[in-house]
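**Student:** One structure coming up, written as structure tokens, with questions to follow.
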Amino acid sequence: MDLVQLQRQLVEYRTSLYHEGFLDAQFTQLQELQDENNPDFVVEVVSLFFEDSERLLNELTTALEQQSVDFKRVDAHVHQLKGSSSSIGAQRVQKVCIAFRNYCEEKNVEGCLKCLQQVKHEYSLVKTKLESMFQLEQQILSAGGSIPM
């Protein structure tokens, strides 16, 4: 595949992530902060999001498996996940977190467990999609091209 085709593919792929609700304008703002002085800024920030999310999802799983669920603790983890997903523009993860927090407020274990599965699913999807986008960007750079905005 030639460079122009790769660049076109990247633009179309990125556009689809916005249209499908995986990303919002916050991701665009994140990209705008990247420059030649910090060319890996977005990848670094998103990698931190991945690490943080994995930890939070594990903590949420453990917290919801307890005999007596500490809803304040669960809500604090969900609040953190909501904030970090919002900061990178992971819109679908953020939306599930809003519903999740409502179930925490109601002390609804079933609702929390359902949302935990949903948030794990949405997180997994956005992680896969962003990793694919970063791989495509890397292919373009390796071929001597520049990343189209």
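The backbone N, Cα and C atoms fix where each Cβ goes, and this holds for glycine too.
Source: prediction; values computed, not measured.
Feature table excerpt (TrEMBL):
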DOMAIN    38-143  domain 'HPt'
MOD_RES   His79  phosphohistidine
**Student:** Roughly where does the domain 'HPt' (38-143) sit in mean pLDDT, to the nearest integer?
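**Tutor:** Summarising the domain 'HPt' (38-143) by its mean pLDDT gives 97.
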**Student:** Would you list the DSSP helix, strand and coil counts for the residues of the domain 'HPt' (38-143)?
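**Tutor:** Reading the DSSP string over the domain 'HPt' (38-143) gives 92 helix, 2 strand, 12 coil.
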